[in-house]
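Chemist: Sequence annotations record features per position, and here Swiss-Prot assigns disulfide bond to C34-C40, C38-C47, C223-C251, C225-C273, C300-C352. Among the features that Swiss-Prot reports, domain 'LRRNT' is placed at 25-61. As annotated by Swiss-Prot, repeat 'LRR 1' applies to 62-83. Swiss-Prot lists 110-131 with the feature repeat 'LRR 3'. Residues annotated as repeat 'LRR 4' in Swiss-Prot: 134-155. Summarising the annotation, Swiss-Prot assigns repeat 'LRR 5' to 158-178. The annotation topological domain 'Extracellular' is assigned in Swiss-Prot to 20-383 on the grounds of sequence analysis. According to Swiss-Prot, the topological domain 'Cytoplasmic' annotation covers 405-508.
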Amino acid sequence: MAWLVLLGLLLCMLGAGSGTSDLEGVLPPDPHNCPNKCVCAADVLSCAGRGLQDLPAALPATAAELDLSHNALKRLHPGWLAPLSRLRALYLGYNKLDVLGRGVFTNASGLRILDLSSNLLRRLRTYDLDGLEELEKLLLFNNRLMHLDLDAFQGLSMLSHLYLSCNELSSFSFNHLHGLGLTRLRTLDLSSNWLGHVSVPELAALPTFLKNRLYLHNNPLPCDCSLYHLLRRWHQRGLSALHDFEREYTCLAFKVAESRVRFFEHSRVFKNCSVAAAPGLELPEEELHTHVGQSLRLFCNTTVPAARVAWVSPKNELLVAPGSQDGSIAVLADGSLAIGRVQEQHAGLFVCLASGPRLHHNQTLEYNVSVHKPRPEPEAFNTGFTTLLGCIVGLVLVLLYLFAPPCRGCCRCCRRACRNRCWPRASSPLQELSAQSSVLSTTPPDAPSRKASVHKHVAFLEPGKKGLNGRVQLAVAEDFDLCNPMGLQLKAGSESASSTGSEGLMMS
């Protein structure tokens, strides 16, 4: 009996083991397996700085960001990104890639950021970047690029930032932009290259939003008058590329490296450059002024009819028919732009981008729209009411003047105040008499040595004055109070004292 139990247990164990092996054959491999020498964190796969000379054999399908920078990779295999359908960012900087090849990005249609900086790339061919329709940022700086195919960036319709600095490029087509479109591109970095010639008309034809971040500093540009006027105008307009790297914009005065001078600091080199040497380099932007709530329509007037017209709003939104996402801006069938009710958010630079087979190059037109708030209407001023009020006040004042008697108490107060004053009244007859009085004596002042008193001011009445006979003396005391004329004292001299009683004082 014990042997039977042991045999049953052995059979069960064998059955369980065979079932487990069958399940292992049916289940797919774990997609979260992390490659050797790499670090996996959620949707991030980092293999940076591991000394890899070849690509990892198995990559997890959940990776949205893959970092392979700071390794020793020399080649990328076609279709190596096929398992990574969610990939959005790929970093391949600081490797030893000298060529890309056909089909290396075929299965990376969702890629947004591609970093190929600090490698050994010498040439970019037309098919090297195929399959990157959604790419927005491409970093190619610090390579050895000497040549770009005419359509090297063909198909990158969503590219907005392109960095090509620190390479060996001696030319660049600003007319064609090597297959790039103007509708999305906002940053173009060509600094620190070997650009010895640039087409000034092609530069001038670029839209302002691209000029704002077009970096051309640290290039052996010639000290050309037309280029000088163009860059100086950009500098005066305050474009970021010129403002941020003002001192790095240099040119060669004598076509030798030792003759490098700064554009905006050595005016003597350009003293013979007149404005007439570069007429019409840029079409001035049209200034438009409108008010909130009004309607606005902008026309893309090109030299010849354009096959394709697009607009760029002040918020860098690409506007094609039917219009903006919020519906406030419409692009009509003729290519014009219409705004039904202007708001403050519509202020800024509108750029029209026109292209077509009949145009020699893509044309741009710019409208700088200023939106003003409507002035509040002043409150209505009721002139009739104010006129009536003024008439009533004037009538009351006239009636008071005509019929209101003066205040007697006020008169008494005025008289009392006048008595208390210490200066003479101008209309007093006694004061007039004192002013015309004279001092007479029996002894005439015939002696020349006789002097009048220095303490009294006297006046002699004319001899012909009637009624005085030259004998009446009016003497006023020095301490006489002019405010109290009743205290006047008449004093007779020693010789005329007896005659004053009989003859008396005669006043008229």
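Cβ coordinates come from backbone N, Cα and C, glycine included.
A quick note: this is a predicted structure, and the numbers were derived from the prediction, not measured.
Show me how these features fit into the shown structure, please.
Modeler: For C34 (disulfide bond), applying a Cβ distance below 8 Å and a minimum sequence separation of six or more within one chain yields C40, L45, P60.
The C-beta environment of C47 (disulfide bond), restricted to residues of the same chain at least 6 apart in sequence and closer than 8 Å, consists of P35, K37, C38, V39, P56, L66, D67, L68, N71. In this structure, C47 (disulfide bond) belongs to neither helix nor strand by DSSP; it is coil.
For C251 (disulfide bond), the count of additional Cβ atoms within 10 Å of its Cβ stands at 21 [all protein chains shown]. In three-state terms derived from DSSP, C251 (disulfide bond) belongs to an extended strand segment.
According to its DSSP assignment, C225 (disulfide bond) is helical.
In the three-state DSSP assignment, the secondary structure recorded for C300 (disulfide bond) is coil.
Here the repeat 'LRR 1' (62-83) has a mean pLDDT of 93 out of 100.
Each residue of the repeat 'LRR 3' (110-131) gets a DSSP state, and the totals for helix, strand and coil are 0 helix, 5 strand, 17 coil.
Taken through DSSP, the repeat 'LRR 4' (134-155) splits into 0 helix, 5 strand, 17 coil.
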Chemist: Please give me the CB contact count at 10 A for C300 (disulfide bond), counting all chains in the structure.
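Modeler: Step by step: centre on the Cβ of C300 (disulfide bond), count other Cβ atoms within 10 Å, giving 22.
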Chemist: Drop a 10 Å sphere on every Cβ of the disulfide-bonded residues C225, C352 and tell me which sphere holds the fewest other Cβ atoms.
Modeler: C225
Chemist: Going by C-alpha distance, which of the disulfide-bonded residues C225, C273, C300, C352 is nearest to C251 (disulfide bond)?
Modeler: C225
Chemist: Between the disulfide-bonded residues C223, C225, C273, which lies closest to C300 (disulfide bond), Cα to Cα?
Modeler: C225
Chemist: Which residues does C223 (disulfide bond) neighbour through Cβ under 8 Å, counting only same-chain ones at least six apart?
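Modeler: Those within reach of C223 (disulfide bond), by Cβ under 8 Å and sequence separation of 6 or more, are C251, L252, A253, V261, V269, F270.
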Chemist: Just how many other Cβ atoms lie inside 10 Å of the Cβ on C273 (disulfide bond)?
Modeler: 18
Chemist: Could you count the residues of the repeat 'LRR 1' (62-83) that DSSP puts in helix, in strand and in coil?
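Modeler: Reading the DSSP string over the repeat 'LRR 1' (62-83) gives 0 helix, 3 strand, 19 coil.
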